[in-house]
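Chemist: There's a structure below that I have some questions on.
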Amino acid sequence: MTHSPNPSSDRPDYLQRLNPEQRAAIETTDGPLLVLAGAGTGKTRVLTTRFAHILLSGRARPHQILAVTFTNKAAREMRERIGAILGTPVEGLWLGTFHALCARMLRRHAEYVGLSSGFTILDTDDQLRLLKQVIEPLRIDAKRWPSQGILGVIQRWKDRGLTPERVTPAEDTDFANGQCRAAYAAYQARLIQLNACDFGDLMLHVTEILRTRPDVLAQYHRLFRYILVDEYQDTNTIQYLWLRLLAQREGQSANICCVGDDDQSIYSWRGAEVENILRFERDFPGAVIVRLERNYRSTAQILGAASGLIAHNDGRLGKTLRPGREDSSGEKVRVVAVWDSDDEARMVGEEIARLRAGGHSLAEMAILVRAGFQTRAFEERLIALGVPYRVVGGLRFYERAEIRDALAYMRVLSQPADDLAFERIINVPRRGIGAAALQKFHAAARAGNMPLTQAVQDLLAGGEIKGRAREPMAALMDCLQRGRDALPREGHVVVVETLLEEAGYIDMWKADPSPEAPGRVDNLKELVRALADFESLEGFLEHVALVMENEENAGDARVSLMTLHGAKGLEFDTVFLPGWEEGVFPSQRTLDEGGLKGLEEERRLAYVGITRARHRAIISHAASRRIYGNWQSAIPSRFIEELPDEHVATSGAASQARTRTFGHAPEFSQAFPVVARRARMTEALARGTAPDAASGARSAAFGAGERVFHQKFGYGTVTSVDGSRLEIAFEKAGSKRVLDQFIEKIS
DNA sequence: TCGTTAGCTTTTTTT
DNA sequence: AAGCTAACGA
C-alpha cells in the first residue's frame, strides 16, 4: 500500500486535521505505547486511525492486528469507522471484546482444556443453578453463605487467573468456612462434563492454554504483529495476563498500544485493576507515553467542573483536560436542590420539556443515575408527560423468560448433552415433571454417567416413566429427535419454529390470559426472525451468549435513561445527574466495602458523568429519599462541595446547602415548601381512605377491555376488575394494579 | 404436583 | 414497597 499523495502536506488524508498528540499516538506504530486519553479527546478516532494507518502503511495485513475492546458496541463502532477510513468493509479482523476473541480462540483449542469445540457458553442463570447443584453435597448453609456469594468468590478468582489448583488455602478463608475452593473445583469439573464454560472461563481457559502450550502461543505470536487495546484501565488481572502473553516475546519489544484513562476506571468491583495502567512502563520497558488532553466535546465550564472534582483524587497519572475550542465557554454546571425523588423527576421532566420546546432533540438528552432503582421515578414522570425515553441496559431482550426458554430449546436441540438447558424446558410447558421426578432422572443420569436427555430416553424405553408424565415426555423427546434429524434438510429456522410449536411452548403463551402474554408471543416471533440472520443454530447461539444485545429499532429520538456505568463512552448535549446525595452517590455500600479507594472510584464515576455532557450538565440532590421503603433525610453529596464554585450555578436551596457543613439536614429541609407537601399528603390520604361506596360505585363503571388513561402510566386497557382495584395493561408501562379512582375513561 | 402464603431480602455497577 | 423464596396445605 502507498500513501495517497497530498499536495498540502505529505501526509495521507486520514492523518489530516489531527492535533500533534493524536498524530504521535497514531504514528508511533512500533514498540509499546500508552495513550492516556482524557474524556472527549478523540480516543476512538486515534484507535481507528491507528489501525487504518498500520494497514495502509503496509506494516500488517488485517488479520495480523489484534484489537480488543470491552463492549460489543465499542467493537462495532471501531469496525465501522475503520471501514469508513479504508472505504471498504474489512473482513477477517481479530477485533472484538476480550470475551468474544477468547471464545474464538478457545473453539480452536478446546481439547487442551478438556472441552470440545462445540462447547456451550452459560449465562448467569445457568451458572447459579449449576453451582447450587454442585455444592449440595458440601452442606454449606445456604442462608449464611448464599450461592451467589460463592459464585462471586469463584468469579473473582477467575478474574485473577486462578484455576482451582492455583487457589491456595490461605485465600479461601473468609467465605463459606473455607469451602469455596472445593465448590470451585467441583463446579469446574461439572462444567467440563457438560462441555460448557462460563464467561470467566473464556479468558481463563485460553490464558491457561497460552501459558502451557508454547506451540500455540508461538502461533499467535507469529500471527499478531500489532496489538491495540481500548479502555486499558478496566482490564482485570486475567485480561492483563492474556495480553502480556500475547504481546511479550523473546528479544522483541512488543507492538502493543494501550489506550485508557485512569480517571475513568470505574470497574474495580468487576476485578479491574487500575494498577495495570499505572505500571505500564514497568511491564513494557521503553514504553512511549502520549497524553491526549485537548477535549473537543464539552464546554469550558463543564471541563472546569469535572477537572476540579477529579483533582480531589490521589494517585493519578496526571492529566488536565483543556478546552479544544476557544469559543466554548458555555453555561455553568447547574446544581439543583429538590425535596424528594418525585420532585426531582418533576424538575428533570420540566427541563426536558422546555428544551424540547426549544428545538433540542430528545436523542441529545440523558439522565444518568448511580443505580438502577433510581430510574423508576423518571420513567413514571416521562410517561406522564408523554416524553419518549429508552432505558439503556434495562431488561434486555435475551434476558426475558420466554426468550431464555426458547433458547434452552435450541440448546438442547444443538447439544443434547446440555443438561442445564434441558432442565429448564423439561417442565415448560407443564408436563407433570416435578422435583421428585427430576431427582430420579438425575440419579439415573449419574448412575449411567450420561446426560439427562439420554437418561430420560432410557427410562422412557424401559417403561419407568409412568402416569401423567409419560405421554408428554415421550412427545417432547420425539420432537427433539425429529428436529435434529430435520436440521440438515429443512434448515435451523424452520426446525426451531416447528419445535417450539410442537413442544407446545408457543401454545403455552397463547393460552396464557395475562396481559404480557401476547407480547411474549411477539418476542418469540422476533427471535425466530433473528435466527434467519445466522447461518447455523450454533452461530446464533454463540452470538446470543456473547453479545446479548437487543438491536431494537433505535429509530426515533428518545431521552436516554441509564446508569453512569452504562454511559461511559457516550456523549449528549444535555446530561442530568440526579441523586447526588451521600449514601446514594457516593454509594454507601462502595464506601463501606472499598473505603478511600471506593470513594475515589465513585468520584471517577462522577467525573465520567459530568464529562458526558457537551453543553449542559444539571446535577440534583433531594433532601429526602425513600430507601428500602422508608423515608430518610439525605445530605448533599460531598462531590457537590468539591465542584469549583466558579463553574457552578446553584438553584433551589442548594446555595445554602453548599455553604453549610454536613449533618444539618433538618435546617436544610426548612428551605423547602414542607407545608405544601404536607397539604399534598393530607389530600392524598383523604382520597386514599375515601368511603368505599364512592369507589365501589365508580368501579362498576369499568369493565374488562375498556380503554383508560392514568396520570402516571398513560393509556391502557382494563384486563380485570376486582372491586375498586383494576388490573390494567398499559401501553408503555406494562401491566399494573391500580385503584379505579386514579383512572379516567376514554370515550 | 401445584398453588398459596408468610417472611424475608433487596438497591450497584456487566462482559 | 415489592418481588422472591421456602414452606405448607390441597
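A Cβ is built for glycine as well, from the same backbone N, Cα and C atoms used for every other residue.
Those TrEMBL annotations? Automatic predictions, nothing curated.
OK, TrEMBL features for this one:
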DOMAIN    A:16-299  domain 'UvrD-like helicase ATP-binding'
BINDING   A:Ala37, A:Gly38, A:Ala39, A:Gly40, A:Thr41, A:Gly42, A:Lys43, A:Thr44  ATP binding site
DOMAIN    A:300-569  domain 'UvrD-like helicase C-terminal'
Chemist: If you count other CB atoms within 10 A of each CB, which of A:Gly38, A:Gly40, A:Gly42 wins among these binding-site residues?
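Modeler: Of the binding-site residues A:Gly38, A:Gly40, A:Gly42, the highest Cβ count within 10 Å belongs to A:Gly38.
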Chemist: Counting all other Cβ atoms within 10 Å across every protein chain shown, which of the binding-site residues A:Ala37, A:Ala39 scores highest?
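Modeler: Highest number of other Cβ atoms within 10 Å: A:Ala37.
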Chemist: Beyond the listed site residues A:Ala37, A:Gly38, A:Ala39, A:Gly40, A:Thr41, A:Gly42, A:Lys43, A:Thr44, identify every same-chain residue whose Cβ lies within 8 Å of the center of their Cβ atoms for the ATP site.
Modeler: A:Val46, A:Asp261, A:Leu292, A:Asn295, A:Arg297
Chemist: Taking the Cβ of A:Lys43 (ATP binding site) as centre, how many other Cβ atoms lie within 10 Å?
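Modeler: Taking all protein chains shown, A:Lys43 (ATP binding site) has 23 Cβ neighbours within 10 Å.
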Chemist: What are the sequence-distant neighbours of A:Thr44 (ATP binding site), meaning same chain, six or more residues apart, C-beta distance under 8 angstroms?
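Modeler: Same-chain residues close to A:Thr44 (ATP binding site) (Cβ under 8 Å, separated by 6 or more) are A:Ala74, A:Glu77, A:Met78, A:Arg81.
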Chemist: Can you see whether DSSP assigns A:Lys43 (ATP binding site) to helix, strand or coil?
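Modeler: It is helical.
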Chemist: Just how many other Cβ atoms lie inside 10 Å of the Cβ on A:Thr41 (ATP binding site)?
Modeler: 25
